[in-house]
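Here's what TrEMBL has on this protein:
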type     : residues  : note
DOMAIN   : B:178-373 : domain 'ABC transmembrane type-1'
TRANSMEM : B:12-32   : transmembrane segment
TRANSMEM : B:44-67   : transmembrane segment
TRANSMEM : B:74-91   : transmembrane segment
TRANSMEM : B:111-129 : transmembrane segment
TRANSMEM : B:141-163 : transmembrane segment
TRANSMEM : B:183-202 : transmembrane segment
TRANSMEM : B:214-236 : transmembrane segment
TRANSMEM : B:248-269 : transmembrane segment
TRANSMEM : B:301-321 : transmembrane segment
TRANSMEM : B:327-347 : transmembrane segment
TRANSMEM : B:354-377 : transmembrane segment
Amino acid sequence: MIEIDRITKTYNGVKAVDAVTMTVETGTITVIVGTSGSGKTTLLRMINRLEEPTSGEVRINGVSTLATKPHLLRRRIGYAIQGHGLFPHHTVARNIGAVPRLLDWPKDKIEARVDELLTLFSMDPAQFRDRYPAELSGGQQQRVGVARALASRPDLLLMDEPFGALDPIIRARAQDDLRRIQKALGSTIMLVTHDMEEAIRLGDRVAVMDGGKLVQHGTPAEIIAQPATDFVANMVGEVERPLRLLSLIPLCDLVEDGDAPGAALPADASLRDALAACLWTGRSAVPVERDGDVVGRVTFDAIRARAELRA
Amino acid sequence: MGRAGWGLSPPGVLFAVLGLGALLLPFLTVAANRIVAGDGVLPWRLAAPAVTLPGTAAVMAGLLLGLPSAWPRLRFAGSILGLAGLLWLLMQGAPALLVGAGDYARVSPAIGFWCLLLILMLLMADALAQLAPGSLARGALLAAVLGTLALILWSGTLSQLSILQEYAGRREAFADAAVRHLALAFGSLATAAAIGFPLGILCHRRSSLRTTTLPVLSFLQTIPSLAMFGLMIPILGWVGDSVPGAQAIGIAGIGFAPAFLALVLYSLLPVVGNTVTGLAATPPSALEAARGMGMTPRQRLWQVELPLGLPIILTGLRIVLVQNVGLAVIAGLIGGGGFGTFVFQGLNQTATDLILLGALPTVALALVSAIVMDILVELASPTPQGTA
């Protein structure tokens, strides 16, 4: 558990981060979202003490981060940044093994960990281990950057706009990968982004920052359904709110008995996908399948009722 | 592409035209003694036609082989053939011209020889640039060239040339001068590196130090070399006179110490400047990641900044080495020794070949240093070729 306790950062009398308090549960993804200048990156960098807080403190599993020397603290906290920050003169294996090497892991343990992570990120170790970063595509570089941040099994992974440099299609895939890997490893992740879409897609919890203050902290559904301020509502986008809400709900929540014409959608697709299918093909209901068998249908009316209910 | 395969290399055409023109210039000069001006002799008048013809033909053939742009190997072979022709003409021409010319007569290479030598070396460099050999191949080639040169000088086939006669009378002095010259050039480089690297690293860390240090070093660099060596005389003279024990370790107004110090001062700007530039060349995101993963400042320096900046830092050393090999000549003027001694003696005696005895080894040393350092810079490149 990560506890952020009234943490404040002042630059020349201006509060970049103003008394932010929040708690991050172990094994969850918290996305900090805000416009540029909102203090979200400063907040993240105070957790591994790349910035020293002016006041307040951060506790990881009950222990204050101020109790450890900054460089020793950082070896326990993964850190992935926009543009990956890989060392251009080191191979992929050496880049991923950087933190375990700082921690003096034995050589064979580092090698095994590197191969394990490459496999986890769908990169064949034999093929990629000895390549240099410049020999990889943008998406591969980004994956190696995240693998490096996870290499020493850190208590916490901090990510600063990790997907900012990727094109939209690769970014969506990287987000899915991160979700899958986070579930597999049970990692605790704090991720900073300016993209509300990304925040809703990835976050178990979303924290919205504005002018150095934490204005709302809750589940994606809460952020969409009950925005605390006009700023949050604006970030979510007034027009897109019902669609964003629907994108959070899987079809299995609304599935009912009955037949429907046309192609079936998988049960873990979102209501937004089903709505799009209805509108596009002029159907009033779509069939739902699980493991190849049709298990029922979701109707257009049910989707509309669900969107109205919350909004 | 078929036409291009038979195309002419523009530099090759230039070299051929200039080279054929240079064949019409005096190749050697014969003088009654080492001081007076000599008379130029054209290549085909050096000796009997049966002797000069193979040499001239080899030079012409070499220049013509340099023409086709599609075959760099052939062009390279052409430059070798041409140089062999030059050597043949030197070897055959010098003894032939000395026959009956008197006991004090001297034979020296003339304008035609120097022009052809330059043109053929440019042809070789151009062909090599096309071939783009790897660093090891270039090292081997350099060793081969130096070996051949040493073998030719050792064999005594050129001993009739005036410059080698000047050498013959000064074997010991030449060896001393060579050792002294190397000590000045490499010693000042090592000292400047020992001071400059830590200073560069400190300047990289503290911008306040950087903004005061670099202008001072730039100012030192702008002092003309003769003035710098001259300035050292009163300064070190005073130190030698007033500091006890200073004279005992060789510190005096003239000699090795002032020359060495002047060279060190000249070397500091390239060393410090390139160290600062090299360290600053690290991608900011890599540095941020290094900090974020918990590297200490020392680990960041040794594992990230220095390896990535090494090619730029070595380039600084290359500049210093080539510069100091040349500047060390001026040490001869203030009794510092080195090849400059012969240059200034030769100037005083108006003996051109004595000047060359100092100048040619200096040029060769600078050239070899530059090539070796280039190879080192390439080997130090942190990522494999073509991926940086």
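Cβ coordinates are placed from backbone N, Cα and C, and glycine is handled just like the others.
Just so you know, TrEMBL annotations never went through curation; they're auto-generated.
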Across B:12-32, B:44-67, B:111-129, B:214-236, the most C-beta pairs under 8 Å with the transmembrane segment (B:74-91) come from B:44-67
Within-chain partners of the transmembrane segment (B:12-32) [C-beta distance under 8 Å, separation at least 6 from its ends]: 38-43, 46, 56, 59-60, 63-64, 66-69, 75, 82, 89-90, 93-94, 97-98, 101-102, 104-113, 115-116, 119-120, 122-123, 126, 162
In the same chain, which residue numbers or ranges, 6 or more beyond the ends of the transmembrane segment (B:44-67), come under 8 angstroms Cβ to Cβ? 8-9, 12-13, 15-16, 19-20, 23, 27-28, 74-75, 77-86, 88-89, 92-93, 96-97, 116, 119-120, 123, 126-127
